[in-house]
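Student: According to TrEMBL, the domain 'FAD-binding FR-type' annotation covers 5-105. Under the heading [2Fe-2S] cluster binding site, TrEMBL lists Cys241, Cys246, Cys249, Cys257.
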Amino acid sequence: MTSALLPHEAVVVDRKDETPEMFSLRLRFTDPEVQAGYRFSLGQFNMLCLPGMGEVPISIVSDPEDRQTIDHTIRQVGSLTRNLGRLEIGDRLGLRGPYGRGWPAASAEGTDLVIVTGGLGCAPAVSLIEFALRRRSRYGRLHIVQGVKHAHDLIWRERYDAWRQHPDVEVYLTADTGDTLWPWHLGPVTQFFDRIDIDPTRCSVFLCGPEGMMKAVIREMDRRRVPARRIWLSMERNMHCALGACGRCQLGAKFVCRDGPVFSWAELAPYLAHQGI
Ligand SMILES: Cc1cc2nc3c(=O)[nH]c(=O)nc-3n(C[C@H](O)[C@H](O)[C@H](O)COP(=O)(O)OP(=O)(O)OC[C@H]3O[C@@H](n4cnc5c(N)ncnc54)[C@H](O)[C@@H]3O)c2cc1C
Ligand code: FES
């Protein structure tokens, strides 16, 4: 019998440096049977494990229909992520997952998507955008709003340029502090909502980033009468088991690892209201 806590061995089949701090790893299980049986849904995460060091939750950014490899984009913030950043093609690591509940891609079909992200390269939102663009006829208009603190925090500039070439896709980029080479907007992400034609009866709102930013967007959506059940947030908490067993990621009566990381605002409001969100 194998334990749900026991990782399977995976190998790095490709890697790409996105910025000095961020990198992407393309992984494949070394056991072909494990790879063949691996299924995930959009917005779920894996636990990546370095033997003797520990493990970290990381979102899956590849397409759920790609059964050959598993992609992750990682920012180096501490010891584990820095050591993952040293992995080269051919190196091995442990992987267990997938875990959690991801974005409700099916229930958003037929609606306009408003995707608002904040901070440095929000991996779960990128996977959602790529997913919707590959299945363009299933969704209405896409409004992509990305905010960063400083102009130099924006990564994946070429992706935003590529996304805005698609019909019915609008991309808004904004920074709290710009520089001479910043051609877009200055100010909070909420400034764009007066320009976006939001029909509260046929839109789905997806949020990923700092909780303060998500709180501000939720207030705007509430003003426009978007129902709380059509607003989705991807949450982050420190994790240990990822199985709903240790309580490390508890949020009221919910566990972010098991019941999330994606929650509707209707579910989260009772727990986060008293924390100020
Ligand atoms: C569901 C989920 C999905 C994630 N997806 C990604 C992803 O796709 N790419 C990515 O780069 N990161 C992702 N993260 C965050 C990632 O797990 C943490 O950055 C990582 O655990 C840090 O480990 P470390 O040992 O390198 O740093 P540590 O030394 O553990 O921490 C460094 C700093 O980051 C803070 N921190 C650590 N983990 C978290 C967390 N979960 N939430 C908030 N603050 C934290 C610590 O308090 C500390 O200040 C995700 C987290 C969750 C919960
Ligand atoms: S990480 Fe253990 S309960 Fe969520």
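Cβ atoms are placed via backbone N, Cα and C, with glycine included.
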Student: For the binding-site residues listed here (Cys246, Cys249), tell me which residue's CB has the most neighbouring CB atoms inside 10 Å.
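Tutor: Top count of Cβ atoms within 10 Å goes to Cys249.
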Student: Within the domain 'FAD-binding FR-type' (5-105), how many residues are helix, strand or coil going by DSSP?
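Tutor: Going by DSSP assignments, the domain 'FAD-binding FR-type' (5-105) contains 12 helix, 45 strand, 44 coil.
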Student: What other residues of this chain sit with their CB within 8 A of the center of the CB atoms of Cys241, Cys246, Cys249, Cys257, the recorded [2Fe-2S] cluster site?
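Tutor: Apart from Cys241, Cys246, Cys249, Cys257, the close residues are Met239, His240, Ala242, Leu243, Gly244, Ala245, Gly247, Arg248, Phe255, Val256, Arg258.
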Student: Just to confirm my parser: what is the rounded mean pLDDT across the domain 'FAD-binding FR-type' (5-105)?
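Tutor: Here the predicted model's pLDDT, averaged over the domain 'FAD-binding FR-type' (5-105), is 94.
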Student: For the binding-site residues listed here (Cys241, Cys257), tell me which residue's CB has the most neighbouring CB atoms inside 10 Å.
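Tutor: Going through Cys241, Cys257 one by one, the largest Cβ count within 10 Å is at Cys257.
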Student: Would you mind pulling the DSSP three-state label for Cys257 ([2Fe-2S] cluster binding site)?
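Tutor: The residue in question, Cys257 ([2Fe-2S] cluster binding site), is helix (DSSP, three-state).
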